[in-house]
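Copied from TrEMBL, the annotated features are:
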type     : residues                                                                       : note
ACT_SITE : Cys324                                                                         : active site, nucleophile
BINDING  : Cys195, Ala196, Ala197, Pro198, Gly199, Gly200, Lys201, Asp218, Asp251, Asp269 : S-adenosyl-L-methionine binding site
DOMAIN   : 97-397                                                                         : domain 'SAM-dependent MTase RsmB/NOP-type'
Amino acid sequence: MAAFMDTRILLRKIKDLRCLTPRRNRVKAKWAGSQPKYPATNLALQNFDATYSLQLREQWPSVRVSMLCEQKYGALVNNFATPEGVIADLQSQGCRDFVSQPVGGGALERLQAPGFPPHDNSSTIESVGVSQDVAPPHLSTNIKCFVFPGGDISRFKPSRPDLYGMLGYYLMDAASVLPALALDVQEGHTVLDVCAAPGGKTLALLQTQAIRFMCVNDISVSRTYRLQRVLNSYVPKELLTEERMRITSFDGRKWGEIERDTFDRVLVDVPCTTDRHSVMEDENNIFKRARTKERQRLPQLQTELLLAGIEAVRPGGEVLYSTCSLSQLQNEYVVERAMHLAREEHGISLQVADLRPLTRLFKDTFHFAPDPHLGQLVLPHLTANFGPIYMCKLRRLN
């Protein structure tokens, strides 16, 4: 027994057991099988430190810490299931619907008052052709997204199917619901989602129950299959017929050639650096050295996708451009470039819609960047760790 104990103590002290392994079974550790010398997450963080510290200045340390912490989620209620029981269950957990209960003290009524004070950066907005008609936001009462209170990092339980097999809610970044709200889908509209997978924003748009026909597209076949699985889990089959919906895997950059001047609303949620994912996950990280050229081509790809969306929308319709990146190269500069190309090459005049009423309404739920040059940007914050989400709404005039 004493000899057995001595052996156990000896094994604990020996950290490298290769000396006890027969030579014929020893294998030299492969560099490819170990951790990379420069992980993609580290490369992403170095890139962001160099660029966002100049762009966000004193706000970057707070945003940086928030992006490296656990992300908060929202529960998008599925109106095609049995929402009453789902809503009661979420409310019992202390959650609130940030859409119908945005802020306290009658903020929605204050926004709708005629004497609401103007914003500070009106001169900047006028220089890029933003509409100065600060009308109250038109929000669909059918979109419901529940979130935990600020500072509460509780997690949602996985959704369960009802008697008909429909899941009760979809977990997503609550800030990703804002583009669907900002798009302002009205009864009888036709809608195009150019880059729809994995399907969260598509599902949010469908919750309005106002869309006459919707086309959802993604160039990746595998991501399109994932999108179909999401829709089958949340939307009844009678709403997924060819008369109501079309699911495709075309190159979104060619959509202006496929269907021009067709849709009432177009959502262009483009591929981007997905900043939060890039600093947290090595898998499928666009900052891997092998994907350097792909990352450098992103602004060009995003511009082409937005330009295709502008061509696909009918005169008088609206396009919403969104990313999940903080980068001005992928946000404001892409919008400005696409507007220039639309005017010079296609003769299309555009007006930037004012999203300030939306940000005022939800300022207690999300942390918005102050005085943006163009569009609106949700910044991650420890008390409201959503985003980043950038969105800019364009109205086609001719």
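Cβ atoms here come from the backbone N, Cα and C positions, even for glycine.
Taking CA atoms as the reference points, Lys201 (S-adenosyl-L-methionine binding site) and Cys324 (active site, nucleophile) are 12 Å apart.
As a whole number, the greatest separation of Cα atoms within the S-adenosyl-L-methionine-binding residue list Cys195, Ala196, Ala197, Pro198, Gly199, Gly200, Lys201, Asp218, Asp251, Asp269 is 20 Å. Around Cys324 (active site, nucleophile), taking its Cβ as the centre, 22 other Cβ atoms fall within 10 Å, counting all chains. On the 0 to 100 pLDDT scale, the model's mean across the domain 'SAM-dependent MTase RsmB/NOP-type' (97-397) is 89.
Non-local neighbourhood of Ala197 (S-adenosyl-L-methionine binding site): Asp218, Ser220, Arg223, Thr224, Arg226, Leu227, each in the same chain, at least six residues away, with C-beta under 8 Å from its C-beta.
Here Cys195 (S-adenosyl-L-methionine binding site) is positioned 13 angstrom away from the residue listed as 'active site, nucleophile', judged by their C-alpha atoms.
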